[in-house]
Every structure is written in structure tokens, then in C-alpha cells.
Amino acid sequence: MAIQRTFSIIKPNAVKKNVIGAIYNRFESAGFSIVAAKMLHLTREQAEGFYEEHKGRPFFDGLVEFMTSGPIMVQVLEGENAIQRHRDLMGATNPDNALAGTLRADYADSFTENAVHGSDSEASAAREIAYFFTENEICPR
């Protein structure tokens, strides 16, 4: 297995619930190293830029509204097969379909307010990490 990096967001609803520490504990318990992290409040322009690939879809405006509704945590996780393992830990996008014990089963409120985001491919991970972090902000451990 290769060591990979993946990008992760703890979304506004999970930040508001004060479960950042619980989610970070789950990341570390699953064998991920958190190699970069910061809290920020997205502007509309930042959210639209990040979700550019979804522009024109029916859920786009609601997604942007939600992602700008409060602070988020963005982080880079590192570990073996990190992209797929992080997606498995998150659970299904729709929390109604998420397996028990996944982050979305435990912390999501709805399809849109689904608590967390994670990269779905190496290309997405590279783009998403670069959107929020410079190489100097990532500290391999």
C-alpha cells in the first residue's frame, strides 16, 4: 500500500456541534496523521470556486449557502490508501444510507448538511489540498 494524502472538511453543522475533537480522534484512531489543519469561514467566492464542478446543478446554491453559514475545519490527512480509507470512514453521502459507526451516520443532519467532505480521487485530493494549503503549510510526520 502506498502512503497518500487526502483532503478533508469538517462542515459547519459539525463544527457548530463541537465535535471537531471527536472527529479528529476518529481520524487518528483509524491510522491517519493530520499533517495540516486550519479553521476558516468561507466567503461565497471561495465556496463557489471550491465547488466549481457542481455549478449549474440544482443543489449548488444550497451547498454554497450551507458551506458559508459558519466556520469549517480543513485538513490534510496522510496514511496508507488514505483516499479510500477516509471515504469509508465518512460513510455514504446520504446519511440515511451511511453505515453505523461512520462519521456521517454519527454527525450528519441531512444530505446537504452531511458533516464531512473528502476527496474522491488522487486528482481531486491534489486540487483540493492546493486550494487551501501551500506546500509549506503541510508538515509530514
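Every residue, even glycine, has its Cβ placed from backbone N, Cα and C.
The ATP binding site annotation in Swiss-Prot covers Lys11, Phe59, Arg87, Thr93, Arg104, Asn114 and is backed by sequence analysis. Neighbour density for Lys11 (ATP binding site): within 10 A of its CB lie 23 other CB atoms from the protein chains shown.
The Cβ of His117 (active site, pros-phosphohistidine intermediate) has 20 other Cβ atoms within 10 Å, all protein chains considered. Here Swiss-Prot flags His117 as active site, pros-phosphohistidine intermediate, drawing on sequence analysis.
Between the listed binding-site residues, namely Arg87, Arg104, the fewest other CB atoms within 10 angstroms of a CB are found at Arg87. Counting only same-chain residues at least 6 apart in sequence, those with a Cβ under 8 Å from the Cβ of Asn114 (ATP binding site) are Lys11, Thr93, Asn94, Pro95, Arg104, Ala108.
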